[in-house]
Every structure is written in C-alpha cells, then in structure tokens.
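*Asks:* One structure, pasted below without further comment.
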Ligand code: ADP
C-alpha cells in the first residue's frame, strides 16, 4: 500500500491493541470511574507513587492487574503504539515504539507527533488524524515513512482510530507496524521491474511466456510494443501469426511445433509485417520449461533487430558497392599490421590485382610479395620503412608479375595509423591498377614525341621548301606566313594583315578571277591552284600559285583558311614561252602550208580544171539535147545533174585549198582518219600522176575516231606524201609506189591509231632517222628543212608521235601514232 492511502485493514497487532483498549473500556464502564485511556496511562505513570486507597479493593486489584497486564502488553508488544490528541501532541508512546524511532518515551511525550514524520508528509498526517477524528471508532490504515532520531527512514503501517475519552474529548490511538523491510523489498522489486522495463525498452527486447498446450501467452510491456498490440488486449497465437510476415509464417509454425513436440529450446528469426506495411526483423530465443505436472512452457525474449538488420543490409550493400567500385576503378584497399608484418585486412580486389582468387583467404603476405619483382619490392620496403619512422603518408609505384607473365603497374598510397603507444601500428592504403593509364601515357608520350618529330620535320620541310604556308583569319586577312631558313626563297614579306586581293598589282586586270575567288572563300569553300601576281621580298614580280582550305573550331565556327603557296614564276614564264613558241610554230606551219600549196598549184589547178572541163562539156551536151526537136529533156537533165556533181567536186577542192591557206585557230574535233587520208590523196593526185607514182591505200575499216585538227593532219600527210614522191625520183628501173596504211593497235583502254606512209625511194641512213626532224635539216637544194620538224610538232600537239624508219628493202617509212580516245568520248 502506498503512503497516503488510508484503508480499513485488519492487522493482528493493531487489532490486538484496539481490542485490548475496547476491553478496557468495556471493563471500565461498570466501575465508579470510567477511566479513559488517558487516565489509565496517567494511573500507569503514577502507579508507583500513588496511594489512592479508593482503588484498592477487589475490583481495584483486578483492575490494577488488568492494567498491569495491558501495560505489559502495551510496553513489550513489538508494535509501536502512539496516543495523540487532536492537536497532534503525543500523549503517550510505548517503549518499543519510542525505541524503534531511537527515542525514549519521555522524549516523545508532549511533543508534536509531526516531529517523527517527513515534512512533506505532514499534510498527510494531518489529514489522517482529521479523518480519524471525523469517524470516531472507525479504524483506518495507511503506510507512511517516519524519521528516526538518527535521520534514517522507518516505513510503518499505521492502524488508527479515534476514541472519545471519559470527558468526551477525542484521542487518536495509533498502532504502527514496521514494514521497512517489506517496503524496501517492494521498492527494490519495483525498481528492478522498472529497470527491466527500461532495459527491455532500450534493448528493444521483450519477454514472453507461451504455453503451447493452452496457447496462453504472457507478454512484457516491450513485447506488446514490438507487436504493436494494445496492452489491454490479451495476446493470442492467432494475433501473433497474423503479424508475422506471410513468407515467414510457415517457418515460425514449424519451429514452434518442433520445439513443443521435443520440449526443446528454440532460437529463430522472422519478420513482422506491420499494419503500415513496414517490416520488423525479430530475433526470438526461448527456453523450454517443464513443470512438475509435465506441462511445457516456453519462456523467452524477443528482440527487435530491425535497426541492426537494416544496418547490416546497408553495410552489406555499401560493402557490395565498395567492392563494385573497387572492381570498376581497379582499386584495392588493405591494412598492414606493422608488428605482425601481415595483412590485417585486404579487399577482394587486392587478390584479383595480384592474380589470386579472392576465396584464397589463408594466403600469407609473402605470397603477395613474391609477385612483386625484387627490385620493385626493395623500393617498396624502403619507402614503407621510412614512412613508419617518419609517421608520414607515402606513395609509390611498382609492378606485379602475374603467373601468366602479364605485368600490372600499381600506384599505391599508404597512411600510417598511430597506436596508443605513439608508434605506427598499422598502415592503411590503396593499390590502384594503373597499367592501362601507364600504357595510355606511354602511347601518348610516344605519339607526342612522334608529333614533335613530325612537326619538326614539317617545319624543316616548310623552311627548306620553296612552298610556304599561310593562315588567314575569319576576315580573310593573313595572320601567319611560315618562316623560311632559305633566304633565297622568294616568300613575300609585309603581307600580314592584308587580304589576298590586296596583294596583286594587277588585280583589277582580272576582276572575274578575283570575284570568283572571293565568292568561293565567302562560302568557306576550299580552293585550288589560284595563280596571281605578287612581289618577292626583293620587290621583283613573281607569280604565286596558292591552294587553301577552311578550318573551324570544335563547335564548327569558321576561323579562317590554311594553305600553301608556291612561287610558280618559272612555270608561268615557261608556259608563256611555250605559248609564244606554239604561236610561232603555227605561223610557220601556215607559212609552210602556203608554200606547199604553191608547190601543189599544178595539181590543184588540175583538180579544178578537170571538173570544170567536165562541166563545160556537159553543158555543151545539154545544149545539144535541148536543141533537138523535140528536145531530149531526159538526157539534158542527166547532163545538168553531172554538171552539178562536177561543180560540187570543184567547189569542194577549192574549199579545201582555202581551208589550208586560211590562218585558222586549231580546232580539235573527232575525225575519221581514213577520210583525212582520202582527201589528202585527192589533193596530191596530180603530183602522184605527174611523177608516175602509184598509190596503194590499205585503210582498216571501222576505226575509232581520233581527236584532231583536220587541216594540220592533212598538212602532215601532204608533207610526207610529197617527201615520198621526191625520194622516189631517182627510181628509174623500179616502180614508184607510195603506200598509206591505217590500223589500230593496243587494247581498248590504251588503244592507238597507226598511220604509215611508205615509199621505196632513196631511203634514210641509220643516223638520219632523227636528224631529219631537226629544223632546217635538208638534203635538197631548194629545201627549207622545216617540213618534218613542223610535222612532228603538229603530231606531238595531238599527243602523238612521228618517227621515221629505213625500210628493209629500199625507201623509208614514216609512222604517225595517235592516241585513241576512251570509248565514251569516241
Ligand atoms: P625539205 O623537204 O625542205 O628538205 P623536210 O623537213 O621535209 O625538208 O625534209 C628534210 C630532209 O629529210 C630532206 O631534205 C631529206 O633529206 C629527208 N627526207 C625527207 N623525206 C624523205 C624520204 N621520204 N626519203 C628520204 N629522205 C627523206
């Protein structure tokens, strides 16, 4: 019972006292004096000095005896008795009671009873006394602390009752029982229960009792909390199973079933699926207790291990992440126990790095060290020793030779861990596999070296080449021009900041060229072989040929052009000279042609006279036919037709001669070479006839067309034919025959056309075959010696060749080779 709680409560000692007092009263009620308790005490107290004779009678003797007896009981009963007046003053106390509090009875008597109570309990005491006074003759019980004289606490259960004295004034009688021991035991129990509850809460461990036979379950407060069950509700196995995660119910059921059957302890883990959908991980341990009746009961503890479990899962996950990160980054971690000279920890990646299986956990450090080449290992040991001495972190690179001979390059970093004694006890560190980086670095270095070399090479080229490199900006102004070691090179100077069209002194002379060029570079198009005039570093005019291409930044923005320029002055001059020569040759060819025509005058006149004579005779005939009566119109018509034919023939000859005589530009067109041959022969027919030379033409049929200038090729053929005729002048006994042959040689891709003019004249000496092509070489008295030279240049202008060979018999053969165009051009 808690202090302050007042209850009607039977107590043997208090009952005894109160019973005794009641008896006293009953006893006293028949006497003359109705002695109240107070009187009895007073009498008791004054007993030895009193000589009250009135009380010495039989009744008196009995009364005295009774009082004495009661006094004995009162004094020596191991119950504390107090008699208190309404003001709380102690009227009487028994020796035992006073002694219990460390006082003598006299010390307490007359004092306020409150003196033996704790100040904070005074109100309670007053209330209790007031209650007793209000309910006279009713007994009340409460438990309360008292203070001993020495200050220690005395727990008592007080049984009190107010009674009316003879004079009608009330007095409160109190019997106290020392309950200190029980209270202390109770407090201890309560405290240990509180401790237990707190411990259970803190450790998230609840306790339980389970009777498999009846299914009865007893839970501690924490177990209720774990299962989220209202403590007012009696837990059942059904409820427990409802809370257990569906996947774990079967296993839990089996565990309980086996434990109940075998009456054995169990230890299992399972999950709860809470109403909010969250999971709880529980670890439950239970003892099987067999009662005398043979009934089995389990007493156990259930711990909420969710936090640990989640932490474990998180740890496992982060370990997995770490392992994965190590695998991906080729990083392994380790801890080296300096004293034991052995690994304290090594990650799975370390095994893989050294070419071991991560399951080979019992490998010694030596096994790892043996895979480091000895010269590297020596360095590692030195660096480590120094780091331990200086207690400083270190870094070092070394190699690992794996059993398959492959070499891994490792970068390691170590950090010393200082122990309690101030010495390095451990080194923790990482190994990073830098093999690929190392290879990449080497390759990069090599590429860089090569690049440097090639850059140097190109610089050398640039400096020594006659070409120079330039760069222009987005506005096309020159920003760079390569340096030249060769001071003789005509690289222009002072051009930085100029545009290309600012340079030529004659830009305005070729506006179209520059317009085209500017349009191309404004469109950021590459350009090739632009030739323009410039001045070299000495101010002399030069021709420059340049090509360039645009360049951009990484985002595709146009930055300018880069390109190369060449001094092409020599080439341009050569071209100009060649052009002049070509012109001169054409002039000469014309002159010789006209000369030749002069030589051919007789033949030509004949060629024209012949059809003209025919025209005249046919006209005469026509007149004759018309003059007839009736006119022979059919015959006249035929005559006119012949006239037209002959007139056409004559006009055709005249047309050709005019063409030969005319100074025309070279006109390269597809030609039927046989046709050219036939026309030529027509022109020299008279010459042939006059010199009694017969012509043999062996012209191959279906020859592809060649690209050429009809007049020039006719000129060549006339020239060769005329030379042949002349060479055969001396043939007195032998026939004079000029053969002209055409044929095709070679395959389709590289086919050539062959044209030969063969005579059987005086022929050529072996040494003359080339000489005769030399300008002004002639063996003829009136010869100019230019014919063959012009013929050769004409044929070469047609990309062909003209050569002379002595015949096996007599005479000479002149051979013209002309390239055949590709099929699609023919
Ligand atoms: P030209 O006829 O004015 O001499 P060409 O250049 O035509 O000039 O000929 C050069 C020389 O080549 C001739 O003078 C002659 O000696 C020689 N020649 C040319 N054609 C023949 C030929 N068919 N047979 C022998 N010699 C020839």
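Glycine is treated like the rest: Cβ placed from N, Cα and C.
Please treat TrEMBL annotations as automatic predictions, because they have not gone through curation.
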*Asks:* Region 'Disordered' per TrEMBL sits at which of 36-57, 58-79?
*Replies:* 36-57
*Asks:* Using DSSP, how many residues in the domain 'PAC' (528-580) fall into helix, strand and coil?
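*Replies:* Helix, strand, coil within the domain 'PAC' (528-580): 12 helix, 30 strand, 11 coil.
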*Asks:* For the domain 'PAC' (394-446), give the DSSP counts of helix residues, strand residues and coil residues.
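*Replies:* Looking at the domain 'PAC' (394-446) with DSSP, the answer is 12 helix, 30 strand, 11 coil.
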*Asks:* Residue counts in helix (H, G, I), strand (E, B) and coil for the domain 'PAS' (66-136), per DSSP?
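*Replies:* So the domain 'PAS' (66-136) is made up of 41 helix, 12 strand, 18 coil.
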